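Visitor: I have a structure here, written as structure tokens, and I will follow up with some questions on it.
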């Protein structure tokens, strides 16, 4: 795996949304949207609840298809992984959850266990390998989901509010993991409504409100001089609907 | 009623006496019903999973038919298989009529809809939960089937047991296609019918108790297995 | 785990199928379609082992109502037929399904009823009179109602008594002899039974034999050879051996020797 960490960041294709919108039962959940995500940075998708953050992530990752417009990667589709707000773990041991992901991506059988163990170690789960994944604590489960994503060696990692249900220690572990992914050369797209977290992690911020992209700016610009009134209100901590 | 007390004594004597005829009948009952359930599970579990994962024109019709077939009277299943396997029927050449093979086929028809319909519900629930994660991992729906079946296994044990219950309890189908031939196709339920018609009610009821204990034993085994697994898997 | 479980499942079901296949070739045997009265009384358990010992042929009995037995034979699903409906048997041969029919044995029908005998049939001279008394008293009567040999005989007897059975008191059950006796015992009804099933029956409660001995109650059993032309796949040579043995001195003696509760139930009457 280490041989891949020297990957050149320039290789990661850009994600392009062209007039992509999403409707559900006649209701517009995401307005037509043009967007381009380039480079190997950490993009934080921010906005109040119901702004369409999760929807945008799912469209980008390909879990949903846009009602209109299109979502595509320039050149080729990169290796991707996604970590969800509530980790979806299979009803098997922690180790088996990781071996499973390796089996799915075609890793030869004899390599699966050693690699899975290595990932458990990296995410501080080595002592829990035999434990059923679904009896682990919330923080442990999320770390296991991150370990699973790690094994897939994604070029782009989507994280949908990965820390919203966790305690501070667990949040720290997730943020550390995100940094590790970043150092390995993985592009990060992460949604959050936690301003402090965004300040700690973001290279750039994508601010959504009511299914529309209000701002897409470098983190510093966004936090010091937000262009829109909604973003200003959001940063101040006012209720933004 | 002294008949009831008699039945318990008879059942006890039957079990303790290990009468070779009875052992043969019990073994055949188990072989026929377990084979039917296993084959029905091999077909029904993937079929149920496929119905849970794919929507297509006619999907609803198939689901409704499967659900309705759960209530198919065993006699009707038996009669259909009889007409199929009879010498004058399309599969008469096989010479399967009045053999355990015919009984297995008839019971598969009874059990398959139960397993497929209930498995569909179980898998559909799990699919809702796993769908995004498995899609994210890059699995096609076809490749999701084994994963979903395996992860739903605790619930599916109950589904398969429901099938086994239906198979081991029915008499209408095996009576018609098996013929209740002594030593060849006589199983617990047909033996019970025979003893009842002879007016030997204590023996009939005793056999019924033996059958009940047998089914209870199989269920207890499955229960223990899944409870252990449940505790282990959380 | 997943792998092993699947292999195990496949193995077990293959076992089941092979077992099913095994059961069908086996040793030399014929399938005999016959009536519940012969099976339930235990006659076959007594005589078939003797036949098997002599010839090495096993006889697998499918015991059903006479109507269903004819149907099974007509479709070519049985190698031989032994029933008790002479009229139906002769028609079966006339229609070309059977090649030969022979008398094998007889027993008789008896009228059973509650021990109080509310219709007073015990003193009747003939069965026709007995049935008329039941109809007049409108005493409950349980009929097989299943188009079996016994049912057909019963309907002929009502006919000869000049009674059109029907109404509240006449219950058509659509069941075999045994279940009909069980039901009759439960509702204290009169019922006509073949003597063999009645004697071997273990749940009489308050029922007892009230009328017997009229020649009209004679119940003839016949064995039929099935047409090789119509059903060439059947085991005709083995079936012929069974047919011949039933009519032979040995077979007839075996039938005569069969007793339940010290009573002879079937009386051989093959034409030697």
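For all residues, glycine too, the Cβ spot is worked out from N, Cα and C.
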Visitor: Of the ranges B:130-147, B:148-165, B:166-183, which one does TrEMBL flag as transmembrane segment?
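Guide: That would be B:148-165, the stretch labelled transmembrane segment in TrEMBL.
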Visitor: Does the transmembrane segment (B:148-165) come near the transmembrane segment (B:32-54), with 3+ Cβ pairs under 8 Å (pairs 6 or more apart)?
Guide: yes
Visitor: Give the nonlocal contacts of the transmembrane segment (B:32-54) in its own chain as ranges (CB under 8 Å, at least six residues past its ends).
Guide: 62-63, 66, 100, 103-108, 110-124, 127, 141, 144-145, 148-149, 156, 160, 163-164, 167-168, 174, 187
